[in-house]
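These notes concern the structure reproduced below.
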Amino acid sequence: MWALRVVIVFAAAIVLAAGAFFFLAWRSEIPEDAAAAQATFAPELVAKGAQLAALGNCIACHTVPGKPAFAGGLAVPTPFGTIYSTNITPDPETGIGGWSEKAFQRAMNEGVDRKGSHLYPAFPYDHFTRVSVEDNRALYAFLMTRPAVKAEAPRNDLPFPLTYRPLLAAWKLAFFDRGEMEPDSSQSEAWTRGRYLVEGLGHCGACHTPRNAFGAEDRDHYFGGGEAEGWQAYAINKDSKAPIPWDEQSLAFYLRNGWHEFHGVSRGPMAEVTGNLSALPDSDIMAIATYVTSIMGDATPERGQRAAQLREQFEGDYREQAADSQSSPVNASGGSPGEAIYVAACASCHEGQRRQPFGGLNFDLSTAVNAPNPQNIVNVVLFGLPPADGEASAVMPAFRHLLSDQQVADVLTYMRERFSEEQPWAGLVDLIANTRSGAHKVTIRPSDGIERAPHNVGAEEG
Ligand code: HEC
Ligand code: HEC
Ligand code: HEC
């Protein structure tokens, strides 16, 4: 008898919990709005939406390279499986043509689609939830005035039970903090604007903050370094490994131009980010720099001292002087195999006469050789930096057909030893082999951020 009672109470508890869960998980369908795709919008609103869409990088995730813009279908890899972005053109059947503004606002704010299904956080609504109603209105106007494209996204490749979307309600309960941020009256207007752009549409943390086992950003290590498309998105908080610490000026310059003389060129997914940021006015770029450097904080005295030396060494025309004095690598200690490769294959560009952005960065200034994980150097060495379409850009040859896994490992080991004070990297050969074979997938993009580089810098050397 007693046992039966326990069973009944237990069963009732489960039913109640399930009921509560479904109540929580359930979202209503917002009726289709047949007229939505035909609506007209003020041109200023559409123009503002275009800027915001660039900041949000909507096009990067919602477009397959070479296919029509915003038509979706791009595979977004996650540790759990592959999720395909959807068609966000105003096609009524396969896109968002039947979505009212209300449905769009809800998708951005809550991560729920028009029919009421929960969306996967591969769509960064944990950031987009911070976006204001007015800005979402402009985004909606922009998207609804794009050409409609008929295109169905492939089915997601996820293991059961992750295919079951109501489960996402539990994820949201645990990790999703919905809505706009509280104003902080102790901060400047620029900082507040910067925070809004960074936390919201800019979604810098989606790549730069590490994720926990459930794929949610680990706010205790905010900006502590994450991963995107097979690249390391470096720490951009107090753990930044940039030899010369970022400051407001250098960060704003890098975000505006896609390179900086002390930091090199933005690569991989970051090239797309800096390319897109060109749509923003200078004041917004500066606001982003103000906010992000406030997160970085002041450099330790030690780091500051080292940076002062480096600055002195690398400011201005150091390259011409270096060439005059016929510099050869220090540590010419009779030569490890890595050193021989470095001298033969890398030094001419990376210690040569061309200035940034077209010359290679001197590795004394490199975040990459100081990073805890060597993935980005491996990517750059194997695949190079392809030229941007039809314009002068930073170009580096790919070495995958010239150097074996062991040779790449040797040169990286040498560089780590010579240019960094960090511990040697472990497991290089495996990492290089996996990257070469495609077991570790990497997206390679031309450094299109570079098109905003001043034309007089190095261009005449063509
Ligand atoms: C990091 C990649 C990424 C970025 C950046 C991104 N999206 Fe998405 N988006 C996705 C993915 C993946 C989905 C599909 C999610 C799912 O199926 O649950 C999606 C879904 C959506 C949906 C739901 C569409 C539907 O039919 O259910 C909307 C609306 C949307 N995105 C709008 C935007 C807008 C607007 C931006 C830019 C401000 C943007 N997205 C930026 C990856 C992205
Ligand atoms: C789609 C992913 C992604 C997003 C979004 C993103 N980043 Fe990055 N970021 C990266 C990657 C990857 C790198 C490393 C690229 C490289 O090797 O040059 C990087 C590099 C950087 C660097 C250079 C760090 C150093 O020490 O060299 C800075 C600064 C930076 N990002 C700032 C930002 C800011 C600010 C935002 C938001 C406006 C942002 N990023 C958004 C992926 C991203
Ligand atoms: C033909 C010239 C050229 C050669 C040869 C070359 N590079 Fe580069 N490399 C570049 C340019 C240009 C860039 C982009 C500017 C920048 O950020 O340094 C670059 C960027 C890099 C970066 C990213 C910068 C950083 O440290 O964050 C790494 C790493 C790199 N190269 C490694 C190598 C290695 C290793 C070799 C030799 C195996 C090599 N490069 C040979 C021109 C070259």
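Cβ coordinates are placed from backbone N, Cα and C, and glycine is handled just like the others.
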Of 176-195, 316-335, the range TrEMBL labels region 'Disordered': 316-335
Among C58, C61, C204, C207, the binding-site residues whose C-beta sits under 6 Å from ligand 2: C204, C207
Tertiary contacts of the transmembrane segment (7-26) (same chain, 6+ residues out, Cβ under 8 Å): 116, 118, 166, 168-170, 173
H208 (heme c 2 binding site) and C346 (heme c 3 binding site), Cα-Cα, nearest whole angstrom: 29
Among C58, C61, C204, C346, C349 [binding-site residues], residue with fewest other Cβ within 10 Å: C349
Binding-site residues close to ligand 3 - of C58, C204, C346, C349, only those whose C-beta is under 6 Å away: C346, C349
Nearest-integer angstrom distance between the alpha carbons (Cα) of C61 (heme c 1 binding site) and H350 (heme c 3 binding site): 33
Candidate binding-site residues C204, H208, C349, pick with smallest Cα gap to C58 (heme c 1 binding site): C204
